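Visitor: Structure in C-alpha cells, see below.
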Amino acid sequence: HVARSFLTEYKLSVSPEMDIMEYCRKEWRGNTPAAKRMRKGYEAVAQKFASIRRIRGDNYCAFRATLFQALSQATQLPKWLQSEDFTMLPENLLSKYDWIKQWQLRQKPGKRMGEVKDEIKEYLILLRQKWKNISEVKGPLEKQEACDKLFKNEEEEYSLYEALKFLMLNTAIELYNADKSGRRVPVFSWLLFARDTSSNPCQLMHNHLNHIGHSGGLEQVEMFLLAYALQYTIQVYRLYKHSTDEFITLYPNDPEEDWPVVTLITEDDRHYNIPVRMCQETML
C-alpha cells in the first residue's frame, strides 16, 4: 500500500499545510548565496504567514495557486461573474473572431470535441457555480474543506483553468481594441502585444494561451493579464529577488482600490506555492 498512498499524495493539487520555516529548512540546507537569500526570503514571508501549501507543478500552477487563494477567501461572486452575458462570451467572441475556433481545448480521451463555444460555455458556467457555492460557505474550516475537495477533482479543476484562459483571451481582446481606438490601456498591455509572438490576440492565443498547461506556464506579462481577467490583485513574494525592490511584486502594479488581493510565493517565477494562515498580529 505504501506506493499507492505515495501516488495519491503526489496527485494532490494543493498539499496540506506545512510550517513555512520548516519547509524552508528542508528545501534550502546549503550555505550558497542562493540558499541564504531564499532563507531570508522565507523569513520575510513568515513575518506575515505561518504556513505554506505546495502547489502541484504541471504548468497550471499559476492558475491553481491564484484560483485556490481567490476561492478560499471568497465571500461573494465578483461582479463580472454576476453579469447576465458572462456565459454568452464564447458565442459573442466567436461571432466576431472566427480564428477562436482554433482554441486548443484540453483533449478529453474518448470524448469527441464539441463546438468550442459549447465546451467553453460549460466551463464558464462551472466556474460561476463553484465560485458561488464556495463563497456561500460560512465557516473558514468548511470553506477550506470545500476548496480542498474541488482541487481534488481533476476533471473539474482543469475545466476551470480552461475558463480562466478564455477569460484572459477576452481581456486581451478588450485591451487590444481599446488601445487601437486610442483609449488608455495599462502599460503591461503594450508589453504583451510588443512581443513578436503575440502582436495581436490571435497570435497570443496560438503561441501562448494554447500552450499554457501543456508545454509552458504563465510568463510574467501573462500574470498581469490573469489579474485583469479576474479583477484581483496578485501579490507575489519573489524569493530570489529578496532585498531588491522586486521582492514583493504586484500584478497589476497600480491595482484598483476595490480589487481583492491574493498572495503567492515563487522561488523562480515559474513555480508558485501559496502562503496560508496570516499571523495574528498582521490581521489586527
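Every residue, even glycine, has its Cβ placed from backbone N, Cα and C.
Got these off TrEMBL a minute ago, pasting:
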ACT_SITE  D58  active site
ACT_SITE  C61  active site, nucleophile
ACT_SITE  H271  active site
SITE      E246  site 'Linear diubiquitin binding'
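Burial and contacts for the listed features, if you can.
Guide: Cβ contacts within 10 Å of D58 (active site), excluding its own Cβ and spanning all protein chains shown: 13.
There are 23 other Cβ atoms within 10 Å of the Cβ belonging to C61 (active site, nucleophile).
The number of other Cβ atoms within 10 Å of the Cβ belonging to H271 (active site), over all protein chains shown, comes to 18.
Residues within less than 8 Å, Cβ to Cβ, of E246 (site 'Linear diubiquitin binding') and separated from it by at least 6 positions along the same chain comprise R238.
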